[in-house]
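Asker: If you scroll down you'll find the structure; I have some questions about it.
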Amino acid sequence: MGISRRPKGNNNASAAESAPSGKPNIQKAQFDTTKKKEVGVSDLTLISKVSNEAINENLKKRFDNREIYTYIGHVLVSVNPFRDLGIYTDAVLDSYKGKNRLEMPPHVFAVAESAYYNMNGYKDNQCVIISGESGAGKTEAAKRIMQYIANVSGGSNSSIQEIKDMVLATNPLLESFGNAKTLRNNNSSRFGKYLQLQFNAQGEPVGADITNYLLEKTRVVTQIKDERNFHIFYQFTKGASQAYRENFGIQQPSQYLYTSKAGCFDVDGIDDLAEYQDTLNAMKIIGLSQAEQDEIFRMLAAILWTGNIQFREDEDGYAAVVDQSVVDFLAYLLDCDAGHVIQAITIRILTPRNGEVIESPANVPQALATRDALAKAIYNNLFDWIVERVNKSLTARSATSNSIGILDIYGFEIFEKNSFEQLCINYVNEKLQQIFIQLTLKTEQEEYAREQIQWTPIKYFDNKIVCDLIESMRPPGIFSAMKDATKTAHADPAACDRTFMQAISGMSNPHLTPRQGNFIVKHYAGDVSYTVEGITDKNKDQLLKGLLNLFGQSKNQFIHELFPHQVDQDNRKQPPSAGDKIKASANDLVATLMKATPSYIRTIKPNENKSPTEYNEKNVLHQVKYLGLQENVRIRRAGFAYRQTFDKFVERFYLLSPKTSYAGDYIWTGDSKTGAMQILKDTNIPVEEYQMGVTKAFIKAPETLFALEHMRDRYWHNMAARIQRVWRAFLQIRIEAATRIQRMFRKKREGKEFLELREKGHQVLQGRKERRRYSLLGSRRFMGDYLGIAATTGPGSKIRGSINLPANEATIFSCRGEILETKFGRSSKLSPRIFIMTKAKFYIVSQQLVNKQVQIAVEKAIPLGAIKFVSISTCRDDWFSLGVGSPQEADPLLTCVFKTELFTHMQGAMPGGGFNLKIGDSIEYAKKPNKMQLIKVVKDSQQAQDHYKSATIHTQAGEPPTSRSKPLPKGKPVAPKPFTSGRLIKPGGPGGRPSKLTNGNRPTPKPVPSPAAARPVPTPAAAAMPIPAPIPAANPIAASIPVHTRNPSLQSAQSTRAVPPPPPPAPPAPPPAPASKEPQYRVLYEFAGQSANEFSLKQGEIVTVLQKETNGWWLTKNVRGQGWAPTAYLEEVAPPPPPPIASRPTPPPPPGPPKMNGANGAAVRSKPTPPAPPAKRPVAGRKPAPPPAPRDSGMSISSNGSGNNSGRSTPTPSLAGGLAEALRARQSAMQGNAKKEDEDDW
């Protein structure tokens, strides 16, 4: 499909950028006051030296400058700022919509935009893996991703908006039940969460699903000093309603053992009361009924009261309850018998291998352990129920097409005492690190080798050996050893621990070191020492049968939902251990993540004090090392940013090549690999930017991929623009055709009204008054309001405002005229006036000059009904009188060139039709009140105009009184104006080809300059005559109003020709050749590039610097290619001095006076000869230098000497470009005038 030419004047910058061969539409640069200067590098792949220390230094620079995000290719590194930087506002969010990651600074919104765009564009499931240690900001990053996707995913449907609100409401709800304050983080996630957002084919969210992992249920019963239990307990005890306090016995957190044991009740930056309200609001949004909320808080109260049960030793050494009332209230909350509660806690049911059931009284430590197990079981199952209930509300409303997963799981943990919980957490983090290695390091390099891509292998640490150490079955790993030890000595926890330690000591693994009472595992994040004591008992994860019996005896239906399984007293089969469960969950999570396209966010904790200004370089360096950022940078710098199979690549980008697509249809008949190569060729992608593998196409730089995506996005816009352009042209043609028809119709209709009014004028005069020849012209029309008094703008509106003409009086006639003023002791005198007639009155308006300012005032306002008669003569004069008969004032005697039209309008506006027109040999009027006088009108052929003297008016003889107006003259025939000229359709036509009807596109032959010897010498032109300056008007209003006077009869002034101006000065010397804008540098030392993007240099050669960076590397270029080179190896070469400028020739002497030709006195001079072109043609692409003294002489080079240009002078073209340039300028001016004439209406 051919590229259509856009019409002129369409400033579509994006379309211009999308055309590979088009010139970019560069807009005016503006200073951006919001953009900060970049500190360090925003992408670590651009760092000058690849090392852990250099990465740490760059992160520190950016952290100190409030820049917390940095890229490693498509991986985002985030440093926790421990403060609000104001970078998550709606304005910031909107700025990342539809932008690729290179268009905007690094941000978590850019990762979310990329995941959402790729899901819609490629129809692949996406996932965002957020990793890092506890307190590094993983939960905050997950919330911001959810915020962005909910904002950009669109959808105005109420169900879609409901899903968005529910997804966002899961954050405060699950945080209150699953987060807690630790020594390292005030809002630490004590559970893992994988949120999967489900979308339909249009990219709208229709559902979601949450999977939780590894809830730290031991925190319910014990916390170390200065830590807290889960947030919900403090929210509930501080903010519970009065009904909850009365029904559930809720008191302050200091009254419960589980919330007061660590001695921390309040946390800086956390408002428990406000967050409690947020939790209740989230429950309502998700759809939890009030009954369900009541049951949830009943279980929380039961857990709190369970912790307050205390035991003492009885006389037999067994456990006995200290306060029976606490047990009674707990039984009330669990809706069961208090005796069953005491029996479940103080009596242990054992089932040996022989099948005998033994009930053994528990001592105080055993009873406390059973009590805590009861509380942990209730909270763990309550949390699972809440997650299931949320998933029920988030069930997909319609069919799902793709999904975006967000993994937020607590990070790597190392404490002074690490047990089973830390082993499980660190194991899951090892699995996530293994995914990262598999997808970014190992799999990538294996794929390069498999696809036969040129590649230099990079060494990295594969943590699979650590994962096998923990989860392997053969040879037995740590989880298998725990399970075997439990089978061997399941009744004695201490014996189980000893058996497990013996198994650990027998293992042979370089990443495992046994010690006395503990063992050390060398994780990817560091060495961790795990305590063996109690580790096997935690691995059992068994709820005692006595507690299960207690839950079964409860009458509360909600408890049966929390513990749905019935107790089988005869089942002695060992249930799955906690290690088995977490291993199965971790493997399921890995399988889910491997099915999606991952995006990575690596979070870093800058210090252990939660300080917004402290940056602990030692701790951050450790995190940089175990996160493998250095290896990631090396692979990203040498790798390929994008790879796709040939089939999918062609399916995605076939629109970009005319050989693979036509009008959106796929027309390629060859194989996919050849088609992919054809697409890259037609889009002008350099061969260095991609490689073709066996089954996939590999693109090196992400900028190349973004360019392809941009061109694909603009394809449909460009096609739509073509259709719209043709459709708009068609509509414009119809509109223009209709406009022409309407214009002609209105012209005929309005002209008919004016002609009818003119015919009425003949009837008003009754055929008794001689007519002026100009009054009978066929083009004469009765326009009425000649001064524009009824207009809203212009000088007429200013007159209307000056005389305060009422808005309800419509002006039907206005013009300028004169009135005869009679003064005592002096002869009568004509004075100018303004006549305005409305449907009610006739106004005589005077203008007087007071203090050099014109004052406009109403001199007389005569009601039309007060006019008894109008007196005129039978001659062709313009005089008439208004017979008012006022006893105080004389009748006005007026003269007006539009008298007949005035009488016609007056007859139509006169109330009751009482218009009395007296026509006689003299004009009758009251010169003084009640004193009539006659003004004689005589014919005098010597008077060119009407002349008044001594009560007599002298005028010439006119046309016969019975004369009629001549017919309307026919217009001058003109050729019909085509629709493809002027502004209707731009040059190029709607189809992109030159229009056949326009003359502007015809090729013009270029003038060939003649030899210098054959060129005639130009003749000096006559000097221009000085033009007197016009006299300024006294007032702009008066100057802008037309004066209605008769032209001198049969007299005309002889037109004089304007004297042509002198020739322009001699052209200046041609400008020197432009120096190179790009600086040149000489190579001082030999430099051998170490990577693909480093440019090898040879000593002494000259290179051009294309881009300068502050990190010590510049982008250089020469004939061999381009690449990055160290700045210390280069020295700038001074540019050569410009050549000397030749002196300008002396201008010619002033010309003499022009020769006069005979009687008419017209100036005659010979035809000027074009001046000689400059000696050297100006450099292409540069403007010719203008003459030193610009003048507007009003002449053209091809002029014939006439200066009459109807008031418009053509600007003098510059002669510095020679004859050819002058002729081209003249031709452009002529074409411009012709175009303007074509655009004029009929």
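Residue positions begin at 1 at the first shown residue.
Any Cβ shown, glycine's included, is placed from N, Cα and C.
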Asker: Match it up for me: which of 333-355, 379-401, 586-608, 770-792 does Swiss-Prot list as region 'Actin-binding'?
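Answerer: It is 586-608 that Swiss-Prot describes as region 'Actin-binding'.
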Asker: Please work out the mean pLDDT for the residues of the domain 'Myosin motor' (39-713).
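Answerer: Summing pLDDT over the domain 'Myosin motor' (39-713) and dividing by its length gives 89.
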Asker: How many helix, strand and coil residues does the domain 'SH3' (1076-1135) contain under DSSP?
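Answerer: Each residue of the domain 'SH3' (1076-1135) counted once, the result is 3 helix, 29 strand, 28 coil.
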Asker: Across all chains shown, how many C-beta atoms besides its own are within 10 angstroms of the C-beta of GLY132 (ATP binding site)?
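Answerer: That number is 25.
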Asker: Within 10 angstroms of the C-beta of ALA136 (ATP binding site), what count of other C-beta atoms is obtained when all protein chains are considered?
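Answerer: So the Cβ neighbour count for ALA136 (ATP binding site) comes to 25.
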Asker: Counting other Cβ atoms within 10 Å, pick out the least crowded of the binding-site residues SER134, THR139.
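Answerer: Sparsest of the binding-site residues SER134, THR139 by Cβ contacts within 10 Å: SER134.
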Asker: Please list, in sequence order, every residue of the chain apart from GLY132, GLU133, SER134, GLY135, ALA136, GLY137, LYS138, THR139 whose Cβ lies within 8 Å of the Cβ centroid of the ATP site.
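Answerer: In sequence order, the nearby non-listed residues are ASN80, ASN185, TYR410, GLY411, THR603, LYS605.
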Asker: Given a separation of at least six residues and a C-beta threshold under 8 Å, show me what packs close to GLY135 (ATP binding site) in the same chain.
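Answerer: Long-range Cβ contacts: ASN80, THR182, ARG184, ASN185, SER188, GLY411, LYS605, LYS610.
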Asker: Specify the count of other C-beta atoms within 10 Å of the C-beta of LYS138 (ATP binding site).
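Answerer: Other Cβ atoms within 10 Å of LYS138 (ATP binding site): 27.
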Asker: Name the residues of the same chain, 6+ apart in sequence, whose Cβ is under 8 Å from the Cβ of GLY137 (ATP binding site)?
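Answerer: Result: SER78, VAL79, ASN80, THR603, LYS605.
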Asker: May I ask you to report the DSSP-based helix, strand or coil state of GLU133 (ATP binding site)?
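Answerer: GLU133 (ATP binding site) sits in coil per DSSP, no helix or strand.
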Asker: Per DSSP, what is the residue count of the domain 'IQ 2' (738-763) in each of helix, strand and coil?
Answerer: 26 helix, 0 strand, 0 coil
Asker: Same chain only, sequence gap of 6 or more: which residues have a CB within under 8 Å of the CB of GLU133 (ATP binding site)?
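Answerer: Those within reach of GLU133 (ATP binding site), by Cβ under 8 Å and sequence separation of 6 or more, are GLY411, PHE412, GLU413, ALA525, THR603, LYS605, GLN623.
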